[in-house]
Amino acid sequence: MTEPIVKKIAAKHQITPAQVLLRHLTQHGISAIPKSISPDRVIENISIFHFKLSPDEMKELDSVKTRIRLFVFDFAFGHPYFPHDDVDQAQAPRSALRLH
């Protein structure tokens, strides 16, 4: 969570970078399931509905290039916010997950 744009937006809203990223996904209509066993972190993760990112902030976050991928998310191919523009969707291996 060291991306300067994320840190700048977090400071502006007085929230954590994780909250910025969770809110960004939520405003795009993408569900996020963050993992935590810490009660404080669980509360932090759910505390993303008291603020809204501006259209300019959303555009800034959309412009950040992804740097690491642990899972291809092939079940989301075709979604307008599919985050990996470097994935050749015709050649990508398919997971067992499917959205119907």
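Every residue, even glycine, has its Cβ placed from backbone N, Cα and C.
Automatic prediction, not curation, is the source of TrEMBL annotations.
Listed features, source TrEMBL:
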DOMAIN    6-64  domain 'NADP-dependent oxidoreductase'
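Across the domain 'NADP-dependent oxidoreductase' (6-64), the prediction's mean pLDDT works out to 94. Across the domain 'NADP-dependent oxidoreductase' (6-64), DSSP assigns 36 helix, 0 strand, 23 coil.
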